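Note sheet for the following structure.
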């Protein structure tokens, strides 16, 4: 039903929930408040169980969908009428584009390449084995598509392989930070393997989407070549222009309004280009995030400006729409539930066994290796994005979609509790002590004694927190003052007697007593 905005207001009896195609704002506000409010109510309870926010967002969508609230007469037609869903979908797609831009912004390609050697084996095993078992189980799932499917078995096999092998890097980073594992060996290897696997998975997914959207066998080749061409343009033309404009507008520490406008325009343009090429729009946004330099505060400034709006408003809408598509009622017989168990087991088996075996081969203990395997098994919101792309492209139907969503929820929910049980703080300390003992034994007693002396001297140090580059001159003046303010031996003794302080605490003015500077830079942890 459509009404004019000039016909009246609630004073004259206007129903604000009535959808108006000329002015959909009122109903949109109602929908956003309902979605975001339910998400945060669920998250308030689920966070006590150490569950990431994406779980509450998907469950909120399922509750608002046909499985629960949709059964209430008139609810779907009033709050989520069919004519209003394209508007919600548009807003959620814009949010998804900018979210993938933030994901690319957090990944420093140079750092990923540098650290890839530490976790290449784990990343490869965590992709290859799940892809293989995913391809195997795809034969069983393909029969559930029915005879009206529009994709061939080869396309479906590729999609299932990618869906099984993906790891949710943003959720993984959040879990590692909340569990205080980023500084451990397990955390370091996991975040490195997750970053490498994330980039490879997006490339594979872009290839799969290109193949799905192609009308002929030769078309995917042209799509891939065009995507590579656009990537080269971004790297060799757009990136230098970005770096020049960052310096020109003096946005090294905090992005100016001009740079924010230019960056947001580039994200939308790149998303538009990849979309018309035949690859999904999110890949263009992801590429723009990758090419932005991370050696200044510009990337952090951009993240701070837009992250909250995306995570609070846009992403809940996107995952709520995923929940609206999820019809739990389709899991109506033992065969379907058997497929749910099979797909969940295969997904866990491929990731956990592959990554655990690779970590063990690298010399890690069994519990450490298993913790890495469970962490890499986290699917999270990236898996849901992949499933929605496949569902919208017609690769999977509603029945296969709900099977895969349940698998995604189970693998994400089990991550934090199992890692907390397998890799508790006391075990981390024990492993660290054993590693230190082995290292000292290999280096010998003489070097150990030298290390002890160095550690004693290192106590005479100062830690400075580097927040902004503007504070650096003041810090340098402070350090210069400390360098020259050295107390002589006799003055030290005089001061010691006058203040009743042990004169041994005042050391002679030798180079060894100069304070050591430890620089610390704190970065805001994003989603």
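From the backbone N, Cα and C atoms, a Cβ is placed for every residue, glycine too.
Heads up, TrEMBL stuff is auto-annotated, nobody curated it.
Pulled from TrEMBL, these are the features on record:
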TRANSMEM  25-46  transmembrane segment
DOMAIN    36-421  domain 'Cation/H+ exchanger transmembrane'
TRANSMEM  58-75  transmembrane segment
TRANSMEM  87-107  transmembrane segment
TRANSMEM  119-141  transmembrane segment
TRANSMEM  153-176  transmembrane segment
TRANSMEM  188-212  transmembrane segment
TRANSMEM  218-238  transmembrane segment
TRANSMEM  259-292  transmembrane segment
TRANSMEM  336-358  transmembrane segment
TRANSMEM  401-423  transmembrane segment
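Below 8 angstroms of C-beta separation, residues 52, 54, 103, 106-107, 126-128, 130-135, 137-139, 141-142, 145, 182, 187, 190-191, 194-195, 197-198, 201, 204-205, 207-208, 211-212, 346-347, 350-351, 375-383, 386-387, 390, 395-396, 404, 412, 415-416, 419, 525-527 of the same chain, each at least six residues beyond the ends of the transmembrane segment (153-176), sit close to that stretch. Sequence-distant contacts of the transmembrane segment (259-292), counting only residues of its own chain at least 6 positions beyond either end whose CB sits under 8 Å from a CB of the stretch, comprise 93, 96-98, 100-107, 109, 202, 205-206, 209-210, 213-214, 219, 223, 226-227, 230-231, 234-235, 238-239, 242, 245-246, 249, 251, 298-299, 302, 305, 385, 389. Listed stretches 25-46, 218-238, 336-358, 401-423 were compared with the transmembrane segment (119-141); the greatest number of C-beta pairs under 8 angstroms is found for 336-358. Ranking 58-75, 87-107, 188-212, 218-238 by CB pairs under 8 A with the transmembrane segment (25-46) puts 58-75 at the top.
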